[in-house]
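First comes the structure, then the notes that go with it.
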Amino acid sequence: MVAREPGTTPFQIDLRRHLRENEEDRDLTRVICEIATASRYVIHSIRTGELGVAGTSNLYGEEQLALDVLSDRILRKRLVHSGVVSSIASEESSEILSVNLTGKYAVVYDPLDGSSLVDVNLAVGTIVGIYRGEDILQRGRNLVAALYILYGPRCTLVYSTGNGVHEFAMNALMEYTLVQENIRMKPSGTIYSPGGQRNKYTPGVEKLVQALEAKGSKLRYSGGFVPDINQILIKGQGLFLYPHLQDKPEGKLRLLYELNPMAFLIEQAGGAASNGRERILDIDPKAIDHREPVFIGSKEDVAMAEKFVQEFG
Ligand code: FDP
């Protein structure tokens, strides 16, 4: 980290300045700042309450788009116009979009994760992974940057370019200013977020949950991947799982759009992420919709999950 003038307070440091101080590549800075700008429009759409049920009209008789479709368009437009993006894959689309042959970065994103929570006014988010080059189907360990934006009571952005994990909050001018730098996770946690139906858990996962309960871990689950991971990261401890289920051995969450960016961020903060048998960032993606089970958070809790899964399935 750069030494700053004495008296500089975090809220004086905006996202662009932070990236500049870290001497990030100009084009990478551009990509991250374009995404940050796009999120202003996404949060505006969420807050104005036009929930957007696809195919319906709004107050003015205009056709409305579902919020996830709208968020996808907003992000795509900014990334395409940035001039520095080679290809794009969005969770909302079934195809990879080739954008610019000379672009330096390939971007994968989930524009509005947890969109089923919008109508009940719970927090949702955008998740982004950035690779050098144009190949979208890369292992997560090749990521050069990852970030997420959490649309909660506050709008926050958490990013890493491989030099620690940093949190920003959107101010009244809709600019992101620094909240904290170099977030670190404790090796063991006292909260857990279990996705999926418990009566579909395999013996290994059931034993894991019992062991977490026995060590006093408290249940903290919102049903949104971004707020659930954000809670674990910002509290600096805990375990999120969306495991393999008896009728869904691949789990639910997508490797490209959800798991790799979050695994990158959690590892950068000193945590771990596994599918129970293998590090998430080492998994070779087979397709853009590749799904994997996940155990992510404090290192010792992830190791405990691996032990139970490997021993009992
Ligand atoms: P959603 O379907 O509402 O978009 O991957 C999406 C996700 O939500 C995650 O945000 C969340 O962790 C998970 O799915 C919840 O899945 P269940 O509906 O199976 O509980």
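The backbone N, Cα and C atoms fix where each Cβ goes, glycine too.
Just so it is clear, the model here is predicted, and its values are computed rather than measured.
Among the candidates Glu91, Glu134, Glu167, the residue that TrEMBL names alongside Asp110, Leu112 for the Mg(2+) 1 site is Glu91. The Mg(2+) 2 site recorded in TrEMBL comprises Asp110, Asp113 together with one of Glu258, Glu267, Glu278, namely Glu258.
With DSSP states grouped into helix (H, G, I), strand (E, B) and coil, the domain 'Fructose-1-6-bisphosphatase class 1 C-terminal' (186-309) comes out at 54 helix, 23 strand, 47 coil. Within 10 Å of Asp110 (Mg(2+) 1 binding site), judged by CA to CA distance, lie the following binding-site residues from the set Tyr221, Lys252, Glu258: Glu258. Listed in sequence order, Glu91, Val124, Gly125, Thr126, Ile127, Gly224, Phe225, Val226, Tyr257, Glu258 are the same-chain residues at least 6 apart in sequence whose CB falls under 8 Å from the CB of Asp113 (Mg(2+) 2 binding site). Comparing Cβ neighbour counts within 10 Å across the binding-site residues Ser115, Ser116, the minimum falls on Ser116. Residues distinguished by a CB atom under 6 angstroms from ligand 1 are absent from the binding-site residues Asp110, Leu112, Tyr221.
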